[in-house]
Structures are given as structure tokens and as C-alpha cells.
């Protein structure tokens, strides 16, 4: 009887206590993304987040020490989602195909989750910690692409880092412009042209390697 009662306390609505905590934490992160996307980082408060998530304040502090901790979690969550699209486990395909697939997946993600892209890369983050996390996230994306470049071309040259940084940072700003309607292109045209520009830029970088060798 005692063991059964303990099991009932541990599991509620099919979820363990830890699962419920994780679900509430995810709901708070999602709510913060909505608040920032609609009202901006400066309007992010514990009250607004809890109201959007449909949770009481004590559940906020169940997962986060303060608002800064939540903003860092927001950036980390979104950065990890984007990194999964950038990382290529198989680099044996033709370079044009690798580039086009990656651009296609990132742009499609932006179309399906425009709030996520705007929160991660748009308006300046509200805290120094979040801003540092954002810079680190962009740096990780640059590092992944630079590492792929070194693997594919069997060269170790700072031009690879320059090219990766130029493409990543430029593409972030360009994607935001397109999502905001500044660039008048269909989704397919935008993807194809972006991929072509990436390919042309990497071709030029490769040509410089050849000239130097």
C-alpha cells in the first residue's frame, strides 16, 4: 500500500515529477520567446512570462534563479536548434549540394519559426549574459563551417575563418531582412540565390588557396 501510494505521488497524469518540471521549464522558455518576439527584450518580465505560459510565479523559480538565467536559456535553446541544421555529418556530397541543403534547411526553419530567428539574432539581447551567449552561438556556427571547410579542402588557412565569418554574419542579417519583407523574393528564389552566393564566395576563397600554394 505504501509503495503504491509513493508511486502515485511520483507519477501524475502519466508524468514523473522530473518530467513535469522539464515540461514547465520548456513552457517558460517558449513563453519568453513569444514575449520577446512580440514586445521586445526590454518588456521581458517574470510576470509576463508566467502569464504567457499559464504558470504561477513559483514555477518560474523552480527552474530559473532569475530573469538573466532564463534569457540565457532562451539563447542556448534557440542556438542548439539552429546548430543541428548547420552541422553536416556527411561531407562527401558535392559542395554545391552540401551548401544548398544547409541553406534550404536554415531558411525553412526561419519561415516555420520566424520568432525564433528574430529573438536569437534580431534586437539586442536584454542582458550582458544573453548578449555574450548570442555572440558565442554565432561563433560556434562559424567554427563548425570553418572546420568543415578545413576537412573538405585539406587546408588550414585563416581565409577559411574569414570566409565562414563573412558568410554566417552576412546571412543572418540577410535572412532577417528577407523575413521582414525588405528583400522581395519568393522562398525558393531566396534559397537558390543565397546558396549560389555561398558557393561563389567559397569558390573565390578556394581560388586564393590555390594561388598561395
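Heads up, the Cβ atoms here are built off N, Cα and C, so glycines get one too.
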>> Of the residue ranges 25-44, 45-64, 65-84, which one carries the DNA-binding region annotation in TrEMBL?
In response: 45-64
>> Using a Cβ cut-off under 8 Å, which residues of the same chain at least 6 positions beyond either end of the DNA-binding region (45-64) come close to it?
In response: 21, 24-25, 27-28, 30-32, 34-35, 39, 70, 73
> Mind checking how the DNA-binding region (45-64) divides into helix, strand and coil residues in DSSP?
Replying inline: 15 helix, 0 strand, 5 coil
